[in-house]
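Contents: one structure, followed by commentary.
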C-alpha cells in the first residue's frame, strides 16, 4: 500500500533513540522527491541532526536536507548540504538532482578557483569538499571515455594536471590536441591563462612520437616566442633528412602568413646567427634598425651599405670562413638557412601570390566600362577608380586605366591623389619594381607641383609594400622629411604607416609625431593613423600618452579623426590590458575620443567574441548622444565576431531595424565585416531590405558595400542571391534618379565582389586561424572612407588570394594536379557580361520616321523635275518607275527599321518549312542528335585543377591531391595556401610551371599578329 503522508515518518525524528532517527532519515531519503513539501516544514530538525557530529548518520541527514532544498529551488543551500553528505552524494547517479548539484558545484568551484588564481592574497582557499566532488566528476568522465568533457572542466577550472590527463589518456591524442587548441584559441579570454595552456600544448606536441611542428609553431606565435621558433627551425635545417628540411620551409611559410613583422624579424636575426657563415647570407630584412637597400639607391650606395653591414658584424671565426671551406653538411645547412630567410622575409610568398593573381586574372572590364559610361559625377568617378583598383588588386593589370586616359585625366585635386594611389592597389605585392612603376609620379627635386600625384605615389608605395616594408621604409622616410607640401606629406605619412606596420620603430614614430605636431589638418590626419600603424599592438605608454594628450588639445577635427584610429591600433589584440584606456576614452566629453574608445574595443578584442566587449558596445550603441559614436560602436561588433560570423546576424538584427539611420548603417557594416566571404544567408536576409527599401541613402550605401563583402567569390549555387545583387549594383549605378551616395556604394560593391581578378576573398583571419593583422587594420581604415575617400584603398589589405600553391624542395612550382570533388559550376567564375545593350542603343538612336523620309524624297523628286527643261517620254516613264520604287521603299521603312534582319528571319522561316516538308526521317535524325546532346550534357561530379590552383574557401573541404603523382604534401591540402611537397620520384622527372611576366596578360598583346619570317633584302 502506497503512502499518502510522511507525517508518521517525520514524527520519528523527535524520538530519543538514534536508531529510530536513522530509520526515519533512510525512509525520508527514499520518499523525499514525492513528499518534500511536508518534509520542508521539519527541515530544521534534519539540519540539526546534520550539524550534530555525535549523530552516527549526520551525513545522511545532510543528503536529505540537500534534496529538500533542491526541490525548494535553493540550490546554494542544496549544494552546501550535498558537500556535507560526503561520499553519500553519488556523482555517478543519473538523475536530475545529481546533475543539477554537480553543475552548481562545478560553477562554484570555477568561481573560487579563478578568484584564487587571479587574486591569491584576497581570495579565500578553495573548499576541499568542492574539489573532491569535481575530482570524482573528472574521474567519471575519464572512466567513461568522455575526454572532451574532462578537458572542458579542466580548462574552466584551470586544472593543468587534468588538462594533460584528458589529452594523453584519450584514444585519439592528435584529435584531442587539435580540439584543445581550437578551444583554447576560441574560448579562453584571459591572456595569461591562455599562454599557460599554449605552453602546455607545445610540450605535448613536442612529446608526440612524430613531433607536430606545424601546430607547435602556431602556439609559439601566440606566445610571442620567436627564439623558440628559431631554435625549432634551426634543428630542422641541421637535419640530414630531407623531410625535416621541407618541414622547416612549410613552417616558415605558415609563420610569414600568421606572424607580425617584428616577430619575423627576431626569428630571422636568431637564424642568421646560427648559420655557418652569417655574412654570406642575403640581407633582405633588418628589423628595428636601418633597412636594406631600396630600389632608389644606386649600385655604389648598395656596395657601401653592404660594407657597413659587414663592419657591424662582430669579428668572430665565422666571418673569416668562405663557402668553399665548408663541409657538405655545413653547405647544406647554409643553403637551408638562405631558403628560410627568403621565405621568412616574405619574398617567396608575395612573389608566388603575385604570379597566381596575374596568371588567373578574370576581371571583367565590361562591368567597369558600363559603370564608366553611366556615371556623371566626380564622386562616382572616384568610386569607379577605386572599384577598378579593387577589381585588379594584385593583378598588375592597369588595362582599364590605359584604355581610358582621357577619362582618368578628369580627376583633379584629391581625386588625383586617390587615382594615383589606386596603382598601389593594382600592383600590390609587385615589390621588386615598385619604384620604377611609380617613378613618373614620385616627388622630383626640381620643379613646382601641386603634390597630389606625388602624395598619391607615396601612398601607393605604402600599399604595395604594406606590412612588408623593409626595402622601402628608408625611401619613404626620406621623402617625408623632404616634403614641402601638405599633400605630399599626407601621402608620405600613410605610405610610411602601411610599410612600417607593426615594426614599433622609434625613428619612424618620431618623424610621424613631428608631422603631427605641425598642426596641419591634412598632414595630421594621416600622421595620426600612421603612428598607430607603426606602433600596432605595442601598448606603448608613451605613444598613447602623446596621442591622447594631443587629441585633447587640437582644434582640428581631421587630426582628431586620425588620432582616434591611431590610438585604437596601439591596443591591437591586447584584450583586458586595454580596459583602462577604453574606460577613460569612453567617458571623454569629446565625441571623437569616445568614438576612439569604440575602435579601441574593436581592436583590443578583435576576433575574440568577448561577451564583455559586446555588452559595452551594445550599451553605447543605444545610449550615446552622438550619432558617429553609435555608428562606430555597432560597426565594432563586426570586428569582435569575425571568428564566429553565424552569431553576428542575431546580435545586430534589432539594430538593423533601429529608427536611427547611423545605427542601421553600423549594423550593415558589422555584418559585412564579421561575415565577409561567408555568403551567410541570415546576413543577406538582413541586408536585402536595407538595400531595397531603406529611405536613407547612406544606409543603402553601407548595405550595398556589406553585401559585396559577404558575397565575394560566391556563385548562385553556393548563395542564391549572388546574381540578384550583381544585377542590383548595375541597376543602382545606371538609374539616373538614384542618389549619389547609393551609387557610390554600388560602384565600390562591384569592385569588392570581383576583387583581385575574381581570385581573392575577404578574410580577417589566416587559414591557420590566426588574426590576419593587416586585414583587420585595413578594414578599420577602410571604414574611415565615410570621412576621407582615399582611405577606401586600405580594404585591399584584407584581400586574400584563394589559391593552393604546391612547391618542391627548390621552392619552385612543379606541374601537378589536384582533384576537386564537386561540380565545376559550383565554384566557377561568374559569366562575363555581354556587350548587347550598347549596340541596341545605337540602333534606336538612328531611327527615322517614315513620314518624314517619304516627304523628303518627294520634295527632292519635285526639285529635279523643275530643273529639267526638256523631258522625253521615255525618261518620264523611267521617273515614274523610280517613284514607285521609292514609295515601296518608304512603305518598307514604315514596317521595319531593320530590313536586313527581317529578310534573314523570313529566309529562316522558309528554310524551316522546307525542312518540315523533307519528311519524318530528318525529324528522327534530329531527335537522335538531341538525345545524344542530352546524354553528353550531364555535368561531371569533379574537376582536375592545375598547380597553382584557384580554390575557394568553401571548396577546400573537397580538395585532394591526385593519387599516382610523385608528390606528397607535408601538411593537409585542405588548409590551402602555400604547401611544400616532397618529390618521391627522380629529380629529372620534375616539370616546372613557367612564370608569367608582371603587368598581367594584356588583351592587346593577344591580338598582335605574328612577326614575319626572316628574309633577305636584296637591292636591284
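Cβ coordinates come from backbone N, Cα and C, glycine included.
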So which of 298, 449, 838 shows up as phosphoserine in Swiss-Prot?
298
Which residue, chosen from 305, 718, 921, is annotated phosphoserine in Swiss-Prot?
305
Among the residues 291, 768, which does Swiss-Prot list with the feature phosphothreonine?
291
So which of 310, 920 shows up as phosphothreonine in Swiss-Prot?
310
Per Swiss-Prot record, range annotated region 'Disordered' [choices 977-998, 999-1020]:
999-1020
Restricting to the repeat 'PC 7' (632-664), what is the model's mean pLDDT?
91
If you run through the repeat 'PC 10' (745-777) with DSSP, how many residues end up as helix, strand and coil?
18 helix, 5 strand, 10 coil
Among the ranges 596-631, 666-701, 745-777, the one whose Cβ pairs under 8 Å to the repeat 'PC 3' (491-525) are most numerous:
745-777
Per DSSP, what is the residue count of the repeat 'PC 6' (596-631) in each of helix, strand and coil?
27 helix, 0 strand, 9 coil
DSSP helix, strand and coil counts for the repeat 'PC 7' (632-664)?
24 helix, 0 strand, 9 coil
